[in-house]
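Enquirer: My questions will all concern the structure given below.
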Amino acid sequence: MKNPCNVIAIIGKPRDQQAIQTHKELYEWLTSEGYKVFIDDRLAAILDEIPQNHFASLVELGKNADLAIVVGGDGNMLGAARILSRFDVPVIGVNRGNLGFLTDLNPDDFQAALKAVLAGEYIEEERFLLEAEVHRHGQIKSHNAALNEAVLHPGQIAHMIEFEVYIDESFAFSLRADGLIVSTPTGSTAYSLSGGGPILSPSLNAISLVPMFPHTLSSRPLVVDGKRRIKLIVSPENRGTQEVSCDGQVSLPVSPGDEIHIYQSPNVLKLIHPKDYSYYHVLRNKLGWSSKLF
């Protein structure tokens, strides 16, 4: 993180009055500390007491901020990450969601922890993203990025599809299933975990492939090197439409016969944590693991 940190962005789409209050408190505290603060312009109508020239788009915030503070749950962090990862701006989260795997700071007592971070007492880690492209007749029809996962699934609920999986152009397996979750280590505690996938330490350079309700007893999750390129060829015999969902927020339409190319993005998310952060403490706390015996 740039030191000294002069320009700070506040990002997030609040779902309730408590989250709105956190945005206000952050803005007031940071400005009182002497920082230049800009806010996600999607909040301009909600925070109408703040001068309009203190609002900017996510792209502008990414270009100009030294630090971005995301208020909300992991969903807000995922949405911000897909844009902010294009820029060299570190991100820290204030949790106003449910689990909050990616948002560390307590909204009721963020000042002390944030002050320490701004003084240089923090842990910085890089989380890689995936790029997902839909190819049709040799051309890219659509693409997007995902911090958690890219998921091939049917457009209709509870409708099986058939597809082939290639890893670095080498045929791996075919599958008749509800879909396939292609997950980063960051996403291994999200949708992938619900689908029976493994938990991957965020420092691992690996990608997991997790079948969704496969019509076979032999199908199991597969972990491959993070530099491998995944190609899914959708059967031309599939009925209806399919989709590739990026982080559950962006959907790319897929037609029978299309190819989906998934690979590691050149961009990374720079995630900032307080100095006392422990990934395994987060797992134990969020997933309800047992405490120490002695």
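Backbone N, Cα and C atoms are what each Cβ position is placed from, and that goes for glycine too.
Swiss-Prot lists Asp74, Gly75, Asn148, Glu149, His159, Arg176, Asp178, Thr189, Ala190, Tyr191, Ser192, Leu193, Ser194, Gln249 with the feature NAD(+) binding site. Per Swiss-Prot, the feature active site, proton acceptor maps to Asp74.
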Enquirer: In DSSP terms, helix, strand or coil for Asp178 (NAD(+) binding site)?
Expert: coil
Enquirer: Going by DSSP, give the three-state secondary structure for Ser194 (NAD(+) binding site).
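Expert: DSSP call for Ser194 (NAD(+) binding site): helix.
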Enquirer: In sequence order, which same-chain residues at least six apart have a C-beta under 8 angstroms from Asp178 (NAD(+) binding site)?
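Expert: Counting only residues 6 or more apart in sequence, the Cβ neighbours of Asp178 (NAD(+) binding site) under 8 Å are His153, Pro154, Ala158, His159, Met160, Ile161, Met212, Phe213.
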Enquirer: Quick one: of Asn148, Ser192, Ser194, which of the binding-site residues has the smallest count of other CB atoms within 10 A?
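Expert: Checked Asn148, Ser192, Ser194; of these binding-site residues, fewest Cβ neighbours within 10 Å: Ser194.
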Enquirer: Once the chains shown are all counted, how many other Cβ atoms turn up within 10 Å of the Cβ of Ala190 (NAD(+) binding site)?
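Expert: A 10 Å sphere around the Cβ of Ala190 (NAD(+) binding site) contains 23 other Cβ atoms.
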